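Encoded as structure tokens, the structure appears first; notes follow it.
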Amino acid sequence: MRELDKLASHLGELIREAEEQNLSLEKVPSWLRGWKSPWRGKLKGGELISKGEEELYNLGIRIRLRFSELFDEEYHPDVYPIKATQVPRASASAVAFGMGFLSEKGGLGPAQHQSFTVTSEIPASDIILRFHDCCGNYKDFKKKQEPAVDKLKEPVLDEITTALVSRYGLKFTRQDTATLWFLCKQEASVLDITDRACGLFSPSEVVLLEWADDLELFILKGYGNSINYRMGVPLLEDVVQSMEQAIKANEEKHPPGSYEKARLRFAHAETVVPFTCLLGLFLEGSEFQKIQREEPLELPPKPPQSRNWRGSTVAPFAGNNMLILHSCPENSKSKYFVQVLHNEQPVPMTGCNGSDFCPFEEFKEKIVAPHLKHDYDSVCTAKLEEPEQKPVSNKLSQLFRCLLSLQNDDTQSTGG
């Protein structure tokens, strides 16, 4: 919000400067003159907005309907635990989801709401949903890489800044371009406005800016370095353990209501993206073997080349991963299978021969086990001795980002 207030001030300066020099303003969009941030005067941010509430509420309804046999029992927090981080918008996401998930299941008010429980861990010790905030080595890595990532994006921003200056006759800076792109994304996603800040950029420029964002996500949260996802191993272990408990309850024929049937988690992009990488999603060919050997992957290729890694797909608002455990007693080879859904759609697992439906034992052997050679402490607190690598900015210059667990389904829903 402060950045947008600064942008408004600087745009005013640019307009006044052009007027003082008697330059034509015919090419300047009328909305730019006197523009003020839609959030000016707002002192606090970071909360879940109404659009996020609606997304999470409707997601809860869809999940209940889609997996009706899992959610056919009376609500109890031990059967359907709901967990969130202590960040307000994450816990608010859990509440919005729960209101949809349990709609018309209770007796509160005309809408028949059901009260429910949301639990959370202390942030400093939450290594399952907020592992990125507890991992010292990751925070050191991110701090060191952020300047290099900014350097990576400079050629794109400079190229587009030159085009904007020529197109509109105002002396935009690189920072102006970056902030206008930020404004474009906020207007489009929050306000449904696409003809103002977004309209300043050509379609090809939008494609380049999206790619630059994807690079940042890839390097700082995704496959760009193994620590990004290795620190998420406690979450992966917890998911597998809960699946094993569900299998045990099924095999021993525990009575309904005595065991957990779904685990619903709500956290952040910094949770969903590493977890997505642990599963090996959005990879091609030999890339899966590379991440299991903890080798860095090539950066997402520059447009117009195609790429699998897109932030808008990997971690959109209310993005989610679901791992569903299926019982298939008639199958002679495996009685239990894990299905992976990403943003509610089946997604192939490279580690399971490109299938979204994987025998449970094979899932543990091929996808989970290779990550378990490191525990959280060794990844996050021990001094890491890594081979010297070329700075990431050098690589780019050559080219020149809820977990909802259903019977162990993990879904992250930031809602914002």
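All residue numbers here begin at 1 and follow the chain in the order shown.
Using N, Cα and C of the backbone, Cβ positions are placed for all residues, glycine too.
What TrEMBL lists as disulfide bond is C184-C198, C352-C358.
Separating the Cα atoms of C198 (disulfide bond) and C358 (disulfide bond) is a whole-number distance of 42 Å. Counting other Cβ atoms within 10 Å of each Cβ, the disulfide-bonded residues C184, C198, C352, C358 show the lowest value at C198. Between the alpha carbons (Cα) of C352 (disulfide bond) and C184 (disulfide bond) lies a span of roughly 39 Å. C358 (disulfide bond) sits 40 Å from C184 (disulfide bond), taking the CA atoms of both as reference points.
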